[in-house]
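Worksheet: one structure, shown below.
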Amino acid sequence: MDELAGGGGGGPGMAAPPRQQQGPGGNLGLSPGGNGAAGGGGPPASEGAGPAAGPELSRPQQYTIPGILHYIQHEWARFEMERAHWEVERAELQARIAFLQGERKGQENLKKDLVRRIKMLEYALKQERAKYHKLKYGTELNQGDLKMPTFESEETKDTEAPTAPQNSQLTWKQGRQLLRQYLQEVGYTDTILDVRSQRVRSLLGLSNSEPNGSVETKNLEQILNGGESPKQKGQEIKRSSGDVLETFNFLENADDSDEDEENDMIEGIPEGKDKHRMNKHKIGNEGLAADLTDDPDTEEALKEFDFLVTAEDGEGAGEARSSGDGTEWDKDDLSPTAEVWDVDQGLISKLKEQYKKERKGKKGVKRANRTKLYDMIADLGDDELPHIPSGIINQSRSASTRMTDHEGARAEEAEPITFPSGGGKSFIMGSDDVLLSVLGLGDLADLTVTNDADYSYDLPANKDAFRKTWNPKYTLRSHFDGVRALAFHPVEPVLVTASEDHTLKLWNLQKTVPAKKSASLDVEPIYTFRAHIGPVLSLAISSNGEQCFSGGIDATIQWWNMPSPSVDPYDTYEPNVLAGTLVGHTDAVWGLAYSGIKNQLLSCSADGTVRLWNPQEKLPCICTYNGDKKHGIPTSVDFIGCDPAHMVTSFNTGSAVIYDLETSQSLVILSSQVDSGLQSNNHINRVVSHPTLPVTITAHEDRHIKFFDNKTGKMIHSMVAHLDAVTSLAVDPNGIYLMSGSHDCSIRLWNLDSKTCVQEITAHRKKLDESIYDVAFHSSKAYIASAGADALAKVFV
């Protein structure tokens, strides 16, 4: 019983010094380490039994060094923990403050951007109102000080000095200089302006001494402060070129008499515009203008540019006619201007009639050659003239040809087949990209600070910058073996795939699930077609998307009714989906093609025959081709795009044959004239027909893609397209791009005009030295797809 009990809630019990064990009979003493400060302030121990215990309780508590150290360590640890909590809270609050500050700054930037857009829209709206008012009433709409909004800074807006009065000399000179600059940019120099004003002045019998300075100032102020700025009028030339050409129709009537042209020149131009052109005569070069006016050939040449004057005037005769105001300006619209200017309408009419008679009496004046003008218009690409009807271009070509033949300039030549170089931008770029492809602002493109003409002139050189780049979007993973064929629904974002696992699957690209660790989306099939007893090798969908056809290694063609794109994948079995079976082939069906014109189906088989079917008939097989295997075993088949009464079939011998579907006779044999001993390398894997041109394209086992003329049967181009066998081809609906797939695991997109590769995509992995089996374009949406031996189908957008 000599040991002491450790007390309190703190440090370990310690043996007391011998002087503390004075109680007789081994009574327990008090340990300062047990109930002292180091012990954590625990309650005192029981009193000792001996009488010596009483004096010990009256002594002060004693502290030990270990107990004190323990207490300090305990308090330090608590302090450190609280400080760590405080620092964490401070960091969280600082992060919260930074986030709120950033959010506030972002909201302020958004507000500034919206205010800027609102001001730009208000400015554009005022301009449109002024243009509409001028077109409808023939007078300028007074909107006060209409100017471009500025966005330098808020301080600049608040402290912006008021502009000078509009009638001040400085504003007048600056406006004249700005107008002259924009006229030079559109190719309308002072010399041409002076010649035209001199001609109109002499026509109307007016002298140079007429005091018209105030009228000139008024017209200039209308140009500067009215509905359109000179910059926008310069842009209007490019935008309304098709309307101007169609209005004046000067190309179609290239060989007509001079009377019609002069009538249009006199009656189609408002007197106010003529006055403005007369006033331009005050600007230098008067001697040169007089010399040029005396030359009748120069006058005739200058008349060719009347459409530029009208377009530069903005609201001239061309726009008035195109908007349905008749072939002449309404005299009621001109009467207020005539009254203000004190113009004698009777004198002008008399002078017009006299001038017409003089023009009828003129003989022997040779019309200027317009070939350069035609070439200039032809050089304008589709980016600058997107809305000119093709008929106008054809008329210009025919007019140019008539004039050239009349002059005996050159003999006729056979033109080579040219592929379209533009026009399919909406498919390749997408509808939203087309709206942004001009300048990125749509209708607000006119409100930029820089010169808009520079953008339009640079567009043809920068076409590649606006070309769409295809990126993988959807991955279709539910097949258990290689995907041999695929086809898009003609309207919906729906895809059908055919696989070696004996099934076809229907996919709705709008029903997606996120893929793991990938930017693409996985799509689950919404329906599985089961009827084949072997691998499915070929596929075709009807033009209305209501039926599809599949050919397999079991020598049958299954005819399916397409389920709804919103079908439930877990619905009960629907027997009506399988519409029928076309039986006739005796070996694997390797190719199918459907024509919606007569609802006919073509199939080619390893039995050596090509068959034409009408599934609606009781005897669906209409005709059989190559029954004697004269050309070999067919590998692929397609309808001729520009002549649906013909079809083209490729064979394993390396040749392709065009057949007449009615007579069953072979019309043209497309041969590349290679050594017949290399038959294995000359094997054609796929043949497609261009949708609009008489051109057939073939994909070969020897890595080549070849182009043939359907009329002559001659090869017009050949190129090494891939690093391995080319297995599949597809032409986009506009006939501008060609897509090819190969066993080198790549998809390549080709420009048919230049025969150059514009994009390469690595899409699939190899399986048994095979990779891509099929590629396809969607006929109405911006989708392309590929099918591979790795049991995957991929869709790109």
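Cβ from N, Cα, C; glycine included.
If you check Swiss-Prot, you get these features:
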COILED    77-136  coiled coil
COMPBIAS  230-241  compositional bias 'Basic and acidic residues'
COMPBIAS  253-265  compositional bias 'Acidic residues'
MOD_RES   M1  N-acetylmethionine
MOD_RES   T150  phosphothreonine
MOD_RES   S202  phosphoserine
MOD_RES   S214  phosphoserine
MOD_RES   S229  phosphoserine
MOD_RES   S257  phosphoserine
MOD_RES   S335  phosphoserine
REGION    1-60  region 'Disordered'
REGION    71-79  region 'Caveolin-binding'
REGION    224-278  region 'Disordered'
REGION    313-338  region 'Disordered'
REPEAT    478-517  repeat 'WD 1'
REPEAT    531-570  repeat 'WD 2'
REPEAT    584-623  repeat 'WD 3'
Point to revise | S202 (phosphoserine), number of other Cβ atoms within 10 Å | key: 13
Check your understanding: Same chain, outside the repeat 'WD 3' (584-623) by at least 6, Cβ under 8 Å from its Cβ: which residues?
Key -> 537-544, 547, 549-557, 559, 629, 632-639, 644, 647, 649, 659, 661, 664
Check your understanding: Tally of helix, strand and coil residues over the repeat 'WD 2' (531-570) according to DSSP?
Key -> 0 helix, 18 strand, 22 coil
